[in-house]
Every structure is written in C-alpha cells, then in structure tokens.
Amino acid sequence: MEPASLKQLEKFKPYVVEESDDEIEDIESEPKPHHEEEEEPEIIESDVELDESDVVESDNEPPQKVGDPSIEVTEENRDASQEAKIQAMEAISEGKLEEAIEHLTKAILLNPTSAIMYATRASVYIKMKKPNAAIRDACAALEINPDSAKGYKSRGIARSMLGQWEEAAKDLHLASKLDFDEEISAVLKKVEPKVHKIEEHRRKYDRLRKEREDRKIERERLRRRAEAQAAYEEAKKQEQYTSNRPGGMPGGFPAGMPGGFGGMPGFGGMPAGFGGMPGGSPGGMPGGSPGGMPGGSPGGMPGGMPGNFDFSKILNDPEMMAAFSDPEVMAALQDVMKNPANLAKHQSNPKVAPIIAKMRSKQIILTDASGRVPMKQGIDDSA
C-alpha cells in the first residue's frame, strides 16, 4: 500500500464557501411579504323608518300619589274605596278625566292592595295621553297581581304611545292571553307590523356585522398563512445555501477537536493519537520527518490510517465527530485496534459500542499496528 501524500490528504480539507458582501446584502435586502390589514369601515346602523304618527310626547310630571300596600285594609276602607271608584267611573263617562283621577286616587289610598284600582287609574291616564303616569300605575297593579290582564293591557297601550313597539307588543300579547278584548286586538294590529319591521332591520344588520367579522377572520387567516409561507421560503433558501457547502457544514468544519490532526488546515484537529500513517514514523506522515505535519501531536495512533480512509464519512456524521473528541472513546478505539479481541470488553460501554457499530456500517477500515487486520474484520471475528 502506497503511503498517502500530503496532496491526497489536502483533498479532505473542508471547503469554505465564501459569500461576498454584495451577496449577503442581496439576501438581507430581499423584500419581505407585507400584508396590510384591510380595515373595513364600521357598519353604521340606520334608523328604522316607521309610521309614528300615533306617538305622543313623553309626560314628565311628578309621580302621582300611591298607597302603602303593606297596611291592613279594614272593611270600612274597602267599602269606601269601592264608592270612590264608582264616582270615578261616572266622571269618566261624563268626560271629566281630572275628576276621575281624583276619585281613583282616593280609592287607592283607602285600599292600596287593590290591583284593579291602579289599573283603572292607568287607563284614565292613557285617555289623558300621559303614558308615563299610566306605566307607573300599571306596574304597581302588576306588583300586586302579576296576572292582572288590565295591568298588562294598560302598560302595553302606554308603551305603544311612546313608540316602545317591542315592549308594547309583549305586554299586549300577555294581556290577550289573560283576557282578550277587541281594544287589545286593535292596538296589536298597529304595533305588530312595526315590530316585524324592527326585527327584520335588526336581522339585516346582525347579518352584515357577522359577515364583516367573518371577512376579518378570513383576512387574518390568509395573513398568517402568507407569513408562514414566507418563513418557509426563507428557511428553504437558507437550507439551499447550507447544502451547497461540502458536508452541509457552513463555513467549513469548526476547529477544536483535541490534540490536532496533523495540522491539516481547516480541520482544527482530531484527538491525539491519529497522527501516524501505516509504515510511518510516530506522529508523522509516511516517510515524513518525525513530528509529522505542522500542528500535529506526537505519538501516532498504532497502525494509523490507510490511504483509502474516507474522511467524509466522519465529517458528515456529527455524532462520530463528537465521539472522536471524547478521550474515553478514542482510548477504547485504540485498544480495539491494538487487539480486535478486546472489542468484547467495550461492547457494554454506551459511548463506544454505537460508534464502532456505525464505523462498521460506514465501511470505515482501520488496520492494527501491523497493518494486517482491518477493524471491520476484527469486529466481525470478535462478534
């Protein structure tokens, strides 16, 4: 076997791809995809066009007098309250609404536990076009009797007078279920079309707002997708730059493996003991002067490396490179190379066994001190 020449070994020198400043600047200055957020204008809900010719101006008079519903009502007061109510009904029939309010207020103060008294006074306030006063009396009647049909009816009509169409319809439907009459039906015929128009208007704008929100979500999804695609393309480009370097190692293989590898430029050094080549003097190249190549460590590994040793199988395997920097692993390899039979005692070492197995799989051949026994053969024999 002819000794390996310096020229042969230099072909294993890691190749460093130099990037010019212009190339680096071109990469960094490449425009990044920018996706501006397309903000849509806020949806401004228009007013519903309704016929509100029946709506009256809100009355803002002080609240009317009410009784104390917690007091105990005597029979005498109850009878007097009924008498006042009768007088109020006579006044209503004569169109004397203010007088009717006075009689009904007297009836309420005598018997503040009567829901019908409050509901009746509420109906008079409706005739007087005082919807807020009517609503207060109707609510008082419903507090005393939650099933007061007249209470719901009066409040529903009063709310319709204020243009509170949906609330009015709700009260009138409840009154109709409790005690239907023609007046309730007549008011509902005016109220319900307006309620349907309001509901349709609300559904329309709810739909528009939902569509706007859906579009916003879709834009955000597309933006994130574009960013992810850009990141992928950038990573792919960097990977292409890296893969163009021998061994996939940007900038050449880093220095720093203990002991030096014969001072070969770019390698930084293999662990001590890999200096000698077969037939060469310790620490040197075959036929070279003692001490070997500049930077190499003295004292070669027994037997050294043959000329057909492929460094790329090591350089391309980070695990093997890391293992060769471990003195314990190198000591075991030297021991096996001295005597392949010693492999058995290192097979239980979790650091050594995988490296030897990998060397076998990569067909890496190291001879013993005499250059006659390949490590592959020795491993096979000892196994």
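Cβ atoms are placed via backbone N, Cα and C, with glycine included.
According to TrEMBL, the protein has these features:
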type	residues	note
REGION	1-79	region 'Disordered'
COMPBIAS	18-28	compositional bias 'Acidic residues'
COMPBIAS	37-60	compositional bias 'Acidic residues'
COILED	198-225	coiled coil
REGION	229-251	region 'Disordered'
COMPBIAS	229-239	compositional bias 'Basic and acidic residues'
REGION	280-299	region 'Disordered'
DOMAIN	317-356	domain 'STI1'
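Helix, strand and coil residue tallies for the compositional bias 'Acidic residues' (37-60), in that order: 0 helix, 0 strand, 24 coil [DSSP].
With a cut-off of 8 Å between Cβ atoms, the residues of this chain six or more beyond the compositional bias 'Acidic residues' (37-60) that come close are 129-133, 160-163, 165, 190, 194, 197-198, 201, 205, 208-209, 212, 215-216, 219, 223.
Note on the compositional bias 'Basic and acidic residues' (229-239): DSSP counts are 11 helix, 0 strand, 0 coil. Note on the domain 'STI1' (317-356): its mean pLDDT in the predicted model is 82.
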